[in-house]
Amino acid sequence: MSRIVVVTSGKGGVGKTTTSAAFATGLAMRGYKTAVIDFDVGLRNLDLIMGCERRVVYDFVNVINNEASLNQALIRDKHVENLHILPASQTRDKDALTPEGVGRVMDDLHELGFDFIVCDSPAGIERGAHMAMYYADDAIVVTNPEVSSVRDSDRILGLLQSKTHRAERGESVREHLLITRYSPARVQAGEMLAMEDILEILAVPLIGVIPESQSVLQASNSGAPVILDKVSDAGQAYDDFVRRFLGETVPHRFLEVEKKGFFKKLFG
Amino acid sequence: MSGELVEIKGEMTLLSVLRLASANLETIQEKLQNKRDSLPQLFDNSPLLVDCSPLGEACLTLDMLGLREMLLTLGFIPVGIRNIAEECVEKAMQAGWSVLRAGRATGAPSRLGRSVEPEMVAIEPKVTASTATSVKVVDRPLRSGQQVYFPEGSLVILQHTSAGSEILAGGSVHVYGSLRGRVLAGIGGDTSARIFCQKLEAELVSIAGHYRLLDDMDTNLKGSPAMVWLDGEKLKITPMF
Ligand SMILES: Nc1ncnc2c1ncn2[C@@H]1O[C@H](COP(=O)(O)OP(=O)(O)OP(=O)(O)O)[C@@H](O)[C@H]1O
Ligand SMILES: [Mg+2]
């Protein structure tokens, strides 16, 4: 079976799409046939981050409504092999996503031999978020180091264990916590929650900590997922996260305030 | 030891149930306001359960968000809603309600104590202190927005409960992780029910309707293992041993 992974958070703007793009790219770079689906009906974003917005012809809702075949709608990624993007619809109403329709697309992707299906969830706890998590085997819960984000992630964790196909069958969705936009300096200054506090509140296994980084904005402006930027801290942190997801033991990095060298102190 | 004992006064004695016979928020508010003005001590900050069974079809037109906000403005703490049409469940949850599953006790508001009926203004505390016997074990963390409702007996939560979660049990409640949400034990009036936890960080604790917000309480047991119990009319928080 294809392994279905939802990237979800509850709160908006915490880095779900950034993470979905990096994660799917990282899996594909390691040879896994991967599809990444944008569930954010009406607010399509993933195609921009992946740099394929000009090649969108058909979308997820077209496929669900049988207006296009899955093969017609899947966009081949231009950066790495084995990676395909299924963009969200711009205009359709949110009720277009149904459990049956989404289930059929998942089955078809499985038939096409995909190893991983990454579902980029919209914010909130409404239909779109529910549909994105419904068939998931694993969930990457994206949290920023602030109280409201942690609270929303907690709600999402509750929904994952009650409102998913797995939960309905008495199984559970594997939970992984990914802390993004982590700024050790701001944690030290007491402006943000520390990693330990977040873990204490959520009690979910930590799969990665992505630092707050300029490189993320640069990457999204150039339409290339940040994981491709091998020198950036965020790119490296995302790469570590993918390796941990695939079972490797990789120590966490970028958790401490960087000690500035003499030149850095002088020139920033 | 006795120096650490904290005495807490219970202001409310039972969990009130508001039985809605109209979906018109203005009507409800007016009735409740009258009620509150005549008996303010009964309603101030009191947890309230809304029962929609008399509403029937009209439930579909009920403004869930508006209702919740109105109750909060009136000084209630809306703890849950029950007997709503299946079609309304999602709407209710989105409005922040904990939806109680249709179960044994639904439709029998007297089990939970006093019932407030805005159409008929009489409030009659029908208390049946039940000796609840069975035990339910919850092996997952109780997350924000989740609720366990177990009027039949005691609840054992093996992991933590989050801020924004709710536990309602007929008997005692045992939490083997941090207790951060709201917890109401003895909801059928059992004054011998107790709350036990490994780490007390609850928002609200209640036994047989005697409730307190933890923030209002002067206890040095926050963050420590603790037990909440009723000593006569007094809610006490003490170390377990
Ligand atoms: N590690 C990071 N460092 C700096 N900026 C980041 C980081 N991660 C994400 N961002 C920025 O945060 C913003 C939101 O990111 P993104 O679109 O991935 O979030 P989202 O959770 O998908 O949002 P939505 O809920 O709207 O779908 C973007 O501007 C992105 O560049
Ligand atoms: Mg997004």
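Positions of Cβ are set from backbone N, Cα and C atoms, glycine also.
The feature ATP binding site is assigned by TrEMBL to A:LYS11, A:GLY12, A:GLY13, A:VAL14, A:GLY15, A:LYS16, A:THR17, A:THR18. Among the features that TrEMBL reports, domain 'CobQ/CobB/MinD/ParA nucleotide binding' is placed at A:5-226.
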Residue with minimal Cβ packing [other Cβ atoms within 10 Å] among the binding-site residues A:LYS11, A:LYS16: A:LYS11
Tertiary neighbours of A:THR18 (ATP binding site) (same chain, Cβ under 8 Å, six or more apart): A:ILE49, A:THR180, A:VAL216, A:SER220, A:PRO225, A:VAL226
Of A:LYS11, A:GLY12, A:VAL14, A:GLY15, A:LYS16, binding-site residues neighbouring ligand 2, Cβ under 6 A: A:LYS16
Neighbourhood of ligand 1 - binding-site residues from A:LYS11, A:GLY13, A:THR18 with Cβ under 6 Å: A:GLY13, A:THR18
Other C-beta atoms that fall within 10 angstroms of the C-beta of A:GLY15 (ATP binding site): 22
Per-residue pLDDT averaged over the domain 'CobQ/CobB/MinD/ParA nucleotide binding' (A:5-226), given as an integer: 95
For A:GLY12 (ATP binding site), the number of other Cβ atoms found within 10 Å of its own Cβ: 13
Long-range Cβ environment of A:VAL14 (ATP binding site), under 8 Å and at least 6 residues apart: A:VAL142, A:THR143, A:ASN144, A:SER149, A:THR180, A:ARG181
Other residues, Cβ within 8 Å of A:LYS11, A:GLY12, A:GLY13, A:VAL14, A:GLY15, A:LYS16, A:THR17, A:THR18 Cβ centroid (ATP site): A:SER9, A:THR19, A:ALA123, A:VAL142, A:THR180
All-chain count of other Cβ atoms within 10 Å of A:THR17 (ATP binding site): 27
Other CB atoms, at most 10 A from the CB of A:GLY13 (ATP binding site): 11
